[in-house]
Amino acid sequence: MAPQLLLCLILTFLWSLPEAESNVFLKSKVANRFLQRTKRSNSLFEEIRPGNIERECIEEKCSKEEAREVFEDNEKTETFWNVYVDGDQCSSNPCHYRGTCKDGIGSYTCTCLPNYEGKNCEKVLYQSCRVDNGNCWHFCKRVQSETQCSCAESYRLGVDGHSCVAEGDFSCGRNIKARNKREASLPDFVQSQKATLLKKSDNPSPDIRIVNGMDCKLGECPWQAVLINEKGEVFCGGTILSPIHVLTAAHCINQTKSVSVIVGEIDISRKETRRLLSVDKIYVHTKFVPPNYYYVHQNFDRVAYDYDIAIIRMKTPIQFSENVVPACLPTADFANEVLMKQDSGIVSGFGRIQFKQPTSNTLKVITVPYVDRHTCMLSSDFRITQNMFCAGYDTLPQDACQGDSGGPHITAYRDTHFITGIISWGEGCARKGKYGVYTKVSKFIPWIKKIMSLK
């Protein structure tokens, strides 16, 4: 009997196994209800404490509504939430030209300053020539509601409507042998230098003016001309404007009986190699010489060196090369609004390297900062007219000097060099509190063009 009872128990156990298995393994939806991780609930004291962003959103993951409860301000909540969700899209400063970046979820928005547009404020709206010169490489003028670019002589406008392309190897203003590593730049301290007006001179010196300059290597000042008197001596400088025209100062012409010109030289001590070019005519103000020989420019004031400008016409054309290139003639607006608002200009010459010392045999060059008109006028006992401007250093001993008169004051813009001034006069050379005074070429553009058009 016992064996039969044991067999019945075993059969009953085996019969019940499938039912037991089905009760242990639950369906996924039912199981998930039991296996979910419950969020820690705040304690009674946490619920009554003010919202804390670190507790709510850093230690734990929070919702936007929880963040809003902390900030209690919709704008602050949006700013935080945009960064919290996917990081700060503005961290790389994507907005150009000082645009303001606002972060978003998966994006950002740039708010641009006036005259700029684009997703990153990268597009400049050149509606005015006063904004980066209308993006023009040379000259800019406003035509209706747009800007229109044009170029100096011997250049053509590029296909982009902004750039200027040289049409020849010796187009004006091209420094073919660029200064590269020897760039004549302003010393760092000059940028913060303030003008101090010191002791004034008793007399102006008309025959200025390169003190403490560096050597200008061959081809680095290709527009430089040198005026030679009947004794074969250097007495003034000049600027090549065309194959037959050299710009100089009017007061230079009254210093000698005859004038010859040298170009393309950096060392005039080697007289056997230099070539003197003959002069055909000189156009200067009538108060210097008989009117039947010179072109008349009205109102020249010899005492104040006002209208200190003259043009020499050559008998035979100057042969251009990489060492002999004319400076470009700017428009008046371009000179006043762009060139003369640059930090500095370049002055060169063979004048005296120290006050009352011999002239230099080698061509010297310096960079001189522009001086604002008010400071310029206060620094001098003599009249600074509208036809003049100042350039130079208040305390640094660098300046033009005797023998440099008539030479070029050049300003570079986008790798093109324009004539902006004529070395005219000064009170000594590189004197503390004094500046070099230059003829303002922009005032004479129509006169220069008229003279150059004469046959």
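Using the three backbone atoms N, Cα and C, a Cβ is placed for every residue, glycine included.
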Residue from Glu65, Glu78, Glu272 to which Swiss-Prot assigns 4-carboxyglutamate: Glu65
4-carboxyglutamate per Swiss-Prot (candidates: Glu21, Glu66, Glu122, Glu233): Glu66
Record-annotated 4-carboxyglutamate (source Swiss-Prot) among candidates Glu56, Glu183: Glu56
Among Glu54, Glu146, residue that the record in Swiss-Prot marks as 4-carboxyglutamate: Glu54
Annotation match for 4-carboxyglutamate in Swiss-Prot, from Glu47, Glu117: Glu47
Cys136: disulphide-bonded cysteine as recorded in Swiss-Prot, out of Cys129, Cys149: Cys149
Which disulfide-bonded residues sit within 10 Å of Cys112 (disulfide bond) - Cα, from Cys90, Cys95, Cys101, Cys164, Cys390: Cys95, Cys101
Spatial separation of Cys376 (disulfide bond) from Cys129 (disulfide bond) - C-alpha basis, Å: 27
Neighbourhood of Cys164 (disulfide bond), C-beta criterion under 8 angstroms, separation at least six: Trp137, His138, Cys149, Cys151, Ala152, Tyr155, Arg156, Leu157, Gly158, Arg414, Thr416
Cys136 (disulfide bond) versus Cys101 (disulfide bond) - Cα distance in angstrom: 29
Protein Cβ atoms within 10 Å of Cys112 (disulfide bond), excluding its own: 21
Cys57, Cys95, Cys110, Cys140, Cys216 screened against Cys121 (disulfide bond), Cα within 10 Å - retained disulfide-bonded residues: Cys95, Cys110
Helix-strand-coil residue split for the domain 'EGF-like 2' (129-164), DSSP-based: 4 helix, 14 strand, 18 coil
Nearest recorded site to Cys252 (disulfide bond) by CA-CA distance, among disulfide-bonded residues Cys90, Cys95, Cys136, Cys221: Cys221
